[in-house]
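Note sheet for the following structure.
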Amino acid sequence: MAAPGKVAAFRLPPLPTVGEIIKLFRLKAQRQLSQNFLLDLRLTDKIVKQAGELKNAHVCEVGPGPGGITRSILSAGVEQLLLIEKDARFIPGLQMLSEAAPGKVHIVHGDILTYKMEKAFPKHLKKDWDDEPPDIHIIGNLPFSVSTPLIIKWLANVSKRDGPFTYGRTQMTLTFQKEVGERLTANPGGNQRSRLSIMAQHLCSVENCFVIPGQAFVPKPEVDVAVVHFTPLVQPKIQQPFELVEKVVRSVFQFRRKYCFRGLETLFPESGRFKRTEQLMMTANVDPTLRPYQLSMSQFRNLCNTYRKMCDEDPGLFVFDYREELKQKKRTRNFHKSTSQPEQTEEEDQL
């Protein structure tokens, strides 16, 4: 459906409504797959509008389902639309849309978590990272069960400039549970500030566009849904490998309600732990009594840069795993105290 007052570059011929498609192919959302259908084309138009100018663009839609957002994307006048759908039940309905837009739609029956996105678009669309974003967009009403692991995977791709970001700073417009959307965009000191906030914001400009009430979906989810737009930054705010940043940030937020010193301790083996944590925080100029959610992006940058230097000086440090150390300690305790079950330590209980 074209926006009021605008002439669509492409107009779909008369088709059954999305609701009629659902009835025709006897489609039913599966709760175990976190599936929720969005039937209101005014809302699907609004989601697609957040992606920006799509006329003659190349778009990948993730999990199109019965094709509500797909119709809005086609009506925006795209050059090519790649649909990646894991659930085979939706393929016949999507093929109807493909036939209604000859030469524009390519359907892949597959899993977006394993699909090779670096080969999804024509090579001539590639742009240098310092240039404006390429005319490529990723759009999707993501199942809740896959949204967080998928955005972490794509953020890793942004950091390494591979996958869909082989073509440049490809933009994404995706749906998440409202709470996840708030985490992605949370500022320092906010209740929703989390590992996801840092990992997303140090690599992308992240905008929480608008919220769709749960009752707009079929079946109605127990939560509202946020539409979030991502544009990769030309320069990440923390210029360290993705795995190192994730390890530091994950450690900080491991004990969210405690001082950040407590989480950062888990970066180091028990022998010399306190001294090395103190060294890390002093060199990074971070107050050890701050809570994890109070730390600014620049403080996380200082922590990551300092930890990198410490890893360079001690090559075995980066592969240290605090959880494995706890498991080993527990196995040793059980061996020596086989007559009674030891109580869980505070660390084991929280982890």
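Including glycine, each Cβ sits where the backbone N, Cα and C put it.
Automated prediction, rather than curation, is the source of TrEMBL annotations.
The S-adenosyl-L-methionine binding site annotation in TrEMBL covers Asn36, Leu38, Gly63, Glu85, Asp111, Asn141. Sequence-distant contacts of Leu38 (S-adenosyl-L-methionine binding site), defined as residues of its own chain at least six apart whose C-beta falls under 8 angstroms from its C-beta, comprise Thr44, Ile47, Gly68, Ile69, Asn141, Ile212, Ala216, Phe217, Val218.
The feature domain 'Ribosomal RNA adenine methylase transferase N-terminal' is assigned by TrEMBL to 43-234.
Under the heading region 'Disordered', TrEMBL lists 331-351.
Largest CA to CA distance in the S-adenosyl-L-methionine binding set (Asn36, Leu38, Gly63, Glu85, Asp111, Asn141): 21 Å, whole number.
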